[in-house]
Amino acid sequence: MPRGILLHFLVLVAVGAASGGGGGGVWAFSSSSSSRLGEQPLSLVAIHRATVGIDAAASVEASPRILGAKGEDTAWVTVNFAAPHASDGDWIGVFSPSNFNTSTCPGPSGSDSGPVICSAPIKYQLANYSSDYGKSGKGTLKFQLINQRQDFSFALFTGGLSNPKLIAVSNKIAFANPKAPVYPRLAQGKSWNEMTVTWTSGYDIKDAYPFVEWGMKWSPPTRTAAGTVTFDRESLCGEPARTVGWRDPGFIHTAFLTDLWPNKEYYYKIGHMLPDGKIVWGKFYSFRAPPFPGQKSLQRVVIFGDMGKAERDGSNEYSNYQPGSLNTTDTLIKDLDNIDIVFHIGDITYANGYISQWDQFTQQVEPITARVPYMIASGNHERDWPNTGSFFNGTDSGGECGVLAETMYYTPTENRANYWYKTDYGMFRFCVADSEHDWREGTEQYAFIENCLATVDRKKQPWLVFIAHRVLGYSSGFFYGAGGAFAEPTARRSLQKLWQRHRVDLAFYGHVHNYERTCPVYDERCVSPERSSYSGVVAGTIHAVVGGGGSHLSNFTAETPPWSVYREMDYGFVKLTAFNYTSLLYEYRRSSDGEVYDSFTVHREYRDVLACVADSCPPTIPPAT
């Protein structure tokens, strides 16, 4: 490490230690150095225990020093490093901002010195990933970085992840424009002819004016201003989000593109106008406007849950955490010309309070979200935190308590804290519930679900779909089976009469990391013996668990319940294709190859939706004699 950088780092550590930034008690996190299935890898780094023992014989050097010189928002970095006493526990952490010592710790000054490093790395790799490191003490690793608004440095630690000791820090590197607008996310607005564009940048509204330039081909472009929001550490509910997982989120901008022509292709660019009139542009993209509600045209929908993020450079031992995430992402990208809208139904990033991971997720899915509406639902890993209004009093959000999901992605909710909403797409009506808030009869959400199901015109929108993260219908996943309910307790008792009364065609859930599809079922009984072709009266709802988006897989019960038609412990997603008012194709595709492994068709007419079914027969008067 160059002598000037070494001295600068040591001075800052000493100053920070003297000021006592942050108390010692709030930094107690996982100290295991081995990867554990289903655990956020950054939580394995006991950064609160880190010590500093800069070794003049150790070094780290990163190149190139300037990234994205041609406007790229991702770049590969080569890191060369050396240690006088190499061991298997040595690792390289990527820190952003590059100044990651005690001077940046929160909290008042005092006598308690607190930790010497108070922010987790944004990613890491074990030093022995470089094959010769154990023998020579020298190694080379490749990291893929994304533009996250701050500069970066690389640190060499000994002692494993559980007792890290910092022995060397690299030079700083940065993107040419760290503040650049990046990672646009499309979502449907509250009306069918409105598209929202959300993106992230380093520009506050006082620094530059955010806007979207957009229009149809051969037409003069329009500029629409965007709103700007952010949040601070105190907006979050607990650790690690408020402590070692905290990272400044930058600024999130959303513009509303209105009065769209149905099915018309639009082009757009995100931009920021600086005070001198110059414009910082994002990339050039296009999207196709949604169809009019009831429009008879080919409409293709993808639904999955529980995907998370992964690292293309092998960092963070993500092969044990979200092993299917990249396969799902890449398979969808390959077929994107045949996809119109995507629903990611909860457990979005699995950041679990490590804020940097949200940027990395938005970059991973950007080829999808910049082209088609990406509609999300709230899951336990977005929302749950004790004493914050969650229906489930767990800690799965890592202290995020819904703030990240509500800010980073737009959804057409009436109240962003209550993550339920309806959205229409041509011949489809989607009723998206929030399983992390009470759904039982008499609640605000129950009233929303009933209204959403009841207000659709089935002549024009025959395909009625219910969505929630947790399984409110049917699953033979081991956890639900062990409880005996094969779903969240009381869920079916609360909702199945609504589904039956309003003839819900399909219900989708995540939470259980596998794939399962039921027969058309009501009150735990199959109402049709068919498996691959359904027609006629809507006598029950088909329920599907599509939680195999990418996270570690879940087992099933040993015995298959009679209502379970197909189940598979693999990664995948469902694709729905509506051809017209009477014909629908359902396909389950594996993420590994995009091929179809389960499918069925539905053919029915409007009169079949009106017909009498169990527990839902409209009153009639006998004909006059």
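Keep in mind that glycine also has a Cβ here, set from the backbone N, Cα and C atoms.
Note that the structure is a prediction, hence the values are computed from the model and not measured.
Taken from TrEMBL, the feature signal peptide covers 1-20. Among the features that TrEMBL reports, domain 'Purple acid phosphatase Fn3-like' is placed at 60-177. The domain 'Purple acid phosphatase N-terminal' annotation in TrEMBL covers 184-288. For 300-515, the entry in TrEMBL reads domain 'Calcineurin-like phosphoesterase'. Annotated domain 'Purple acid phosphatase C-terminal' per TrEMBL: 540-599, in sequence order.
Summarised by DSSP class, the composition of the domain 'Purple acid phosphatase Fn3-like' (60-177) is 10 helix, 48 strand, 60 coil. Secondary structure of the domain 'Purple acid phosphatase N-terminal' (184-288) per DSSP, as helix, strand and coil residue counts: 3 helix, 53 strand, 49 coil. This prediction places the mean pLDDT of the domain 'Purple acid phosphatase N-terminal' (184-288) at 97.
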